[in-house]
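Novice: OK, Swiss-Prot features for this one:
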TRANSMEM  34-54  transmembrane segment
TRANSMEM  78-99  transmembrane segment
BINDING   His84, His183  heme b b562 binding site
BINDING   His98, His197  heme b b566 binding site
TRANSMEM  114-134  transmembrane segment
TRANSMEM  179-199  transmembrane segment
BINDING   His202  ubiquinone binding site
TRANSMEM  227-247  transmembrane segment
TRANSMEM  289-309  transmembrane segment
TRANSMEM  321-341  transmembrane segment
TRANSMEM  348-368  transmembrane segment
Amino acid sequence: MNKPLRNSHPLFKIANNALVDLPAPINISSWWNFGSLLGLCLIIQILTGLFLAMHYTADINLAFYSVNHICRDVNYGWLLRTLHANGASFFFICIYLHVGRGIYYGSYMFTPTWLIGVIILFLVMGTAFMGYVLPWGQMSFWGATVITNLLSAIPYLGMDLVQWLWGGFAVDNATLTRFFTFHFILPFIVLAMTMIHLLFLHQTGSNNPIGLNSNIDKIPFHPYFTFKDIVGFIVMIFILISLVLISPNLLGDPDNFIPANPLVTPAHIQPEWYFLFAYAILRSIPNKLGGVIALVLSIAILMILPFYNLSKFRGIQFYPINQVMFWSMLVTVILLTWIGARPVEEPYVLIGQILTVVYFLYYLVNPLITKWWDNLLN
């Protein structure tokens, strides 16, 4: 009997097994839409970024004006730029919801998938940071100076490392050129890592909202989840385009409309909104090296979840106290985001320190509470 081409062609077979005939749990909710939304975000970012790179000039005397030229003189350049800048925000909204879903439903028990996911998160954060430097406005320059300077906290190697990264004794033309190079190449590395992420996920199959084995009750990915994903695409693209066409600079920093000036420091240096929670954690530790360690750990701590799971059930659907803790942690992250945008003065410093302790305690206490709850029900 003749097989359909998608089952016989060596190339189509790979795509078919990942996107068409993939057995998917029948009961996965809309929280499982964010993986495909992240894929869409990545494609949007790569395409808009590619066209922006055709008109951008990575030179400290020209970068700011080349971005200005893109917005004023290039056909639909303003649309490309605002889509790219706001697309990054939507990328992070989706990635944080995706991670939150993984924590809530215990998806971190797919250990290799989870660990690669955390590495992808680090890569995306690095890409976004370097992209923020490229327009060479005030916040670009000072953000780059402050964040790259953190490497100087590394004992013995610190200062040499920073100067090696800068390509000189300060953030200068060499820094901008290499940041542009890395900003261009990293999304393709993220794309490759995403393929590996999916490869490992498809070894085990998807998790589902009740955390039980769903092998006895699966349906093909297409048409059921392709259409469900398309609904998600339409909603996200609608919100993104609405933001881009109504208020494209809502999430940006006004200081970045001023060309970079090494002689004038902005009153308040801060990164884009999606890094503010980590920035608040960095600032809440009075010691420089301690702050850098806390900053890295704020994301890296996600890697301990698969190895520190003490519960009998997968996820926290069946653990009421843990659910309260989870939503409290979400509020903590939102408050940290707010603190990151505030000046370094009381009461903000103290609030930031308390929230930082609460943030890290969640990851340490959460498994213990599940264990206690299991013992209670025995």
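Yeah, the Cβs are placed from backbone N, Cα and C, and that goes for glycine too.
From a predicted model like this one, the values you see are computed outputs, not experimental measurements.
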Novice: Of all the binding-site residues given, namely His84, His183, His202, which is spatially nearest to His98 (heme b b566 binding site) at the Cα level?
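Specialist: Comparing Cα positions, the closest of these binding-site residues turns out to be His202.
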Novice: I'm trying to understand the geometry here, so how far is the Cα atom of His183 (heme b b562 binding site) from the Cα atom of the residue listed as 'ubiquinone binding site', in Å to the nearest whole number?
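Specialist: Distance between the two Cα atoms comes out at 29 Å.
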Novice: In whole Å, note down how far the CA of His197 (heme b b566 binding site) lies from the CA of His84 (heme b b562 binding site).
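Specialist: For His84 (heme b b562 binding site) versus His197 (heme b b566 binding site), the Cα atoms are 24 Å apart.
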Novice: With a cut-off of 8 Å between Cβ atoms, can you find at least three pairs linking the transmembrane segment (179-199) to the transmembrane segment (34-54)? Only pairs 6 or more residues apart in sequence count.
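Specialist: Output yes: the transmembrane segment (179-199) sits against the transmembrane segment (34-54).
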Novice: In sequence order, which residues at least six apart in the same chain have a CB under 8 Å from the CB of His197 (heme b b566 binding site)?
Specialist: Thr113, Ile116, Gly117, Ile120
Novice: Provide the number of Cβ atoms within 10 Å of the Cβ of His84 (heme b b562 binding site), excluding the reference atom itself.
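Specialist: Excluding its own Cβ, the number within 10 Å is 21.
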Novice: Who sits close to His202 (ubiquinone binding site): which same-chain residues at least 6 apart have their Cβ under 8 Å from its Cβ?
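Specialist: For His202 (ubiquinone binding site), the qualifying residues are Asn17, Ala18, Leu22.
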Novice: In the three-state scheme derived from DSSP, which category covers the residue listed as 'ubiquinone binding site'?
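Specialist: Reduced to three states, the DSSP call for the residue listed as 'ubiquinone binding site' is helix.
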Novice: Around the Cβ of His183 (heme b b562 binding site), how many other Cβ atoms lie within 10 Å? Please give the count over every shown protein chain.
Specialist: 21
Novice: What number of additional C-beta atoms lies within 10 angstroms of the C-beta atom of His98 (heme b b566 binding site)?
Specialist: 19
